[in-house]
Structure formats: C-alpha cells, structure tokens
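**Student:** For reference, TrEMBL lists these features for the protein:
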- CYS146, CYS149, HIS150, MET272: heme c 1 binding site (BINDING)
- MET190, CYS227, CYS230, HIS231: heme c 2 binding site (BINDING)
- 133-213: domain 'Cytochrome c' (DOMAIN)
- 214-294: domain 'Cytochrome c' (DOMAIN)
- 12-34: transmembrane segment (TRANSMEM)
- 65-84: transmembrane segment (TRANSMEM)
Amino acid sequence: MMADLPIGFWSGWIVVLTCVSLSTLAWVVLSVYFSSPDVKTGDADAHEPVWDGDLREGSSAPPLWWFWMLLGAMVFSLAYLMLYPGLGSFEGLLNWSQGKRLVSSYENYEASFDTRRAEIANLSLAEVQADPVLMATADRIFRRECSACHGIDGRGQASLFPNLMDTDWQWGGSPEQIELTLRGGRNANMPAWGPIIGEEKTRDVARYLLDFSNREHSGRSVYEQSCAACHGAEGAGNVFLGAPNLADNIWLYGGDIDSILTTLQEGRLGKMPAFDDRRLDATQLKLIIAKLAK
C-alpha cells in the first residue's frame with residue numbers, strides 16, 4: 001500500500017515551497033528575457049573584463065530557445081500538479097495514485113489468469129508433471145521462492161538445507177506430506193545429548209552410526225536407550241516426528257565423525273517457513289508439489 005498524502009502543516013509547507021519555487025523560476029526567466037537593458041556608459045564598457053586581449057563578456061541575451069524550453073517545463077509542471085498528486089494533500093483532478101494503479105493491475109492480472117488456474121486445478125498431479133510448460137513455470141516459482149535455501153538445482157547447500165531432488169524426506173515425500181510441509185512449515189529439534197549422556201557415550205553412538213549394521217558395537221545399547229524412540233530401532237526414522245533416517249548414509253549436517261559428534265553433543269534446530277496462501281496461491285503450490293514429487 002502507498003503511504004497517505006501529507007496533511008496539516010507538512011501539506012501546507014509542500015504547497016508553499018512548490019509555489020514559491022515555480023514563481024521564483026518564472027520571475028528569473030522573465031527578468032532575463034524581458035527586462036529593459038541597461039544603458040552602459042563608456043566608462044562602464046572600459047571596466048568590463050577582457051580575456052586574451054580582445055574577448056569581452058558583452059551583454060548579449062541568452063538564446064531564445066532556452067526561453068521556450070523553460071516555458072514548456074513550467075507549463076508541464078503546472079499541468080502535472082493540477083492532474084496528479086504533488087501539491088500537499090491535493091490528489092489531482094484525475095484522482096490517480098500508485099496504490100490504485102497497483103490494485104487495478106493486480107485485479108486485471110487475477111482476472112486474466114482465473115481461467116488458467118481453473119484448468120490447472122482440474123488436472124491430476126501426473127498430468128501437471130507431463131506438461132512441459134507447467135513444469136517450466138514450476139521451475140521458475142521454485143527458483144524464486146525456494147532456491148535461496150535449497151539451491152537453484154534443489155540439491156541443498158551449506159550442510160543446513162536438505163536436498164529435495166533425492167528420495168530421502170525427513171517429513172515424508174508423498175504429495176500430501178509435501179503439501180503439509182509447504183503450507184504449514186516445519187520446526188525440527190534435535191536435542192543436545194552431550195550434557196545428558198556424556199562425551200564418551202556420545203562418541204560411542206557417533207561411531208555406531210557410521211557402522212550401523214554392526215550389532216555388536218558398544219554404541220548400540222546407548223543408541224537403543226537414547227535415540228531409538230525417535231529414529232527407530234533400525235534407524236529408519238519417523239516422518240511424523242521429523243526424525244531422519246540414520247541408516248541410509250544421507251546426512252543433512254554432514255556424515256563425517258566430527259559433524260555427527262557436533263550434532264549429538266550440541267543438537268540441531270531446523271526451520272522450514274510456511275508457504276501458505278499469503279505467499280503462494282493454490283495453483284503455485286500445486287506446481288511446486290508436482291516438481292518435488294516427480
């Protein structure tokens with residue numbers, strides 16, 4: 001929305017300043033072109049500056065085209081101030097504003113795409129995925145809304161934002177689960193286990209996660225006591241809790257021993273913002289879901 005027009009003192013100040021400026025400009029132009037020339041005496045001419053021996057300033061009037069240019073500018077300014085906002089709180093004879101123009105443009109845009117939206121709403125997800133034009137639109141929406149975190153190719157980045165192009169989904173990869181994630185956002189909380197179980201047991205669990213198939217590993221008992229409630233006895237994870245699969249060798253925060261230790265000792269906080277109707281409409285959400293579920 002555009003800011004309101006100034007009122008009270010500031011409105012009057014703008015009107016006075018604008019009128020004084022235009023009046024001063026008009027007075028200067030008229031005085032230069034239409035004032036009576038001074039009659040110079042010989043003594044006055046003798047005291048005029050001289051350059052290079054014979055170059056004098058003289059008293060020639062400015063070019064006449066300057067006058068017409070300045071006059072045209074003043075006429076244009078007066079017409080503009082009468083038709084459009086510019087004189088304090090005066091809205092102009094056309095009653096135009098950027099805010100009204102924005103609303104009008106948005107309404108025209110909405111009206112022109114209503115039919116297309118209805119067509120897309122009636123398509124199945126498979127039909128959307130088979131349409132190259134719609135998928136190109138989905139790519140553009142993804143680059144605009146999602147690439148800042150997940151990368152322009154959707155493969156994640158910075159060991160903070162997950163890869164969306166693989167089959168590993170922390171909160172579930174079905175179209176319905178992806179829609180829930182997009183609409184409502186997600187808040188993931190991995191607690192810090194270092195202060196709870198101590199450094200030695202934390203290292204045991206970290207080493208066990210790198211050798212998950214070894215049932216005799218000393219870290220397995222600690223894992224079953226402290227980690228299995230969320231991640232499962234076999235480490236398959238739980239999409240309802242947002243607990244990732246620990247047995248597939250796909251790691252959001254890094255899969256080396258040091259990164260796993262940091263995760264276990266200090267915990268992790270992940271936040272996925274909500275892209276509800278305030279940010280993406282139903283059509284845009286459907287296109288994004290089609291891209292991610294493809």
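Residue numbers in this text run from 1 along the chain shown.
Here the Cβ of each residue, glycine as well, is placed from N, Cα and C on the backbone.
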**Student:** Excluding MET190, CYS227, CYS230, HIS231 themselves, which residues in that chain have a Cβ inside 8 Å of the centre of the Cβ atoms defining the heme c 2 site?
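**Tutor:** So the extra residues in range turn out to be ALA228, ALA229, ALA243, LEU246.
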**Student:** Which residues of the chain, 6 or more past the ends of the transmembrane segment (65-84), have a CB below 8 A from one of its CBs?
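**Tutor:** Same-chain contacts beyond the flanks: 18, 22, 25-26, 29, 33, 90, 92-94, 96.
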**Student:** Can you tell me whether DSSP puts HIS231 (heme c 2 binding site) in helix, strand or coil?
**Tutor:** helix
**Student:** When you measure from the Cβ of MET272 (heme c 1 binding site), which residues in the chain that are at least 6 apart have a Cβ under 8 Å away?
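**Tutor:** The answer is THR181, GLY185, ARG186, ASN187, ALA188.
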**Student:** Check MET190 (heme c 2 binding site) against DSSP and tell me helix, strand or coil, would you?
**Tutor:** strand
**Student:** Once CYS146, CYS149, HIS150, MET272 are set aside, which residues in the chain still have Cβ within 8 Å of the Cβ centroid of the heme c 1 site?
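**Tutor:** Other same-chain residues near the heme c 1 site: SER147, ALA148, PHE161, PRO162, LEU164.
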